[in-house]
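S.K.: One structure, pasted below without further comment.
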Amino acid sequence: MVRVGIDVGNTAIKVVTQASTAVEAAQPARTRGPQLRSISLRDPEWITKCIEHLQTLAEKVAACESRECESVCYDVRVASVNRGSAEPLVFALDEAFFQCIRVRFVTHEDVSMPIDVNFPERVGIDRLLGAEAAFRRHAAPLIVVDAGTTVTVDFVSAEGVFRGGAILPGLEMQTAALAAGTDALPKLDWASHRCREMPEGPGRDTVAAMRLGVLASVAGAVERLLRIYGGAATLVVTGGDAGCLVDALPAECDAVEEPHLVAQALLDLMLHE
């Protein structure tokens, strides 16, 4: 049996896998434990690459367990904020591994953490899973920031209760809006190292000015929300832009970078079922 967690976001999917104990024992120490693969949804072959990734894992499992590759079974949990991408992926997985696969979407009802908001079923499952995974790993109270397409800043009480939070546009969404809403401003590539560096002073060209403005807006919003939520809390930052945001925050925020909390939460969920 292979446990698979798939975090379907708006710009990428993260696939985390955990093989059986016997398979783990047969692997080199450096490759043991959960394996994570991130695939961009902009890649037209993203579904194919996801299936190929699982097939490669099946070959390793089959070799360790002396069985046919086709008989390797998968237990899959999907957390999605993007149904338009998640549904065709699940259909393709069922077709590729129909003999031995179980796929289930994760909902707020799967989260053991109490959810103290007006409409729990409307909260993004990524926010809930990230908050629960952070609570399992760090001292509460917690402020959990997920820096992706959007940036969410959520509060978990000392008792481990999800209290809600704030949502704002992410780095790429902000710069895309600047480029789309003006004639002269370019679209930035936040994946490049240069874009991810926080300028040390006023921007001396257009790109530097955009970088400074967007990074300062997100980092400044997080700092402001820390004050609004009040009290001392552990700050945990996850998501694709976690590293960039942590670098932009002042040292006194003492932010902890955990880039793959949602994927880790999916494995936690399966292990505790």
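From the backbone N, Cα and C atoms, a Cβ is placed for every residue, glycine too.
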S.K.: Which of Thr56, Thr107, Thr149 shares the ATP site with Asp7, Val8, Gly9, Asn10, Thr11, Ala12, Ile13, Lys14 per Swiss-Prot?
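M.R.: So the ATP site in Swiss-Prot includes Asp7, Val8, Gly9, Asn10, Thr11, Ala12, Ile13, Lys14 plus, from the candidates Thr56, Thr107, Thr149, Thr149.
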S.K.: Between any two of Asp7, Val8, Gly9, Asn10, Thr11, Ala12, Ile13, Lys14, Thr149, the residues recorded as binding ATP, what is the biggest Cα to Cα distance in Å?
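M.R.: Answer in Å: the longest Cα-Cα distance is 14.
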S.K.: Could you check which of the binding-site residues Phe119, Ile125, Asp126, Arg127, Asp146 is the closest Cα neighbour of Ile13 (ATP binding site)?
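M.R.: Nearest by Cα distance to Ile13 (ATP binding site): Asp126.
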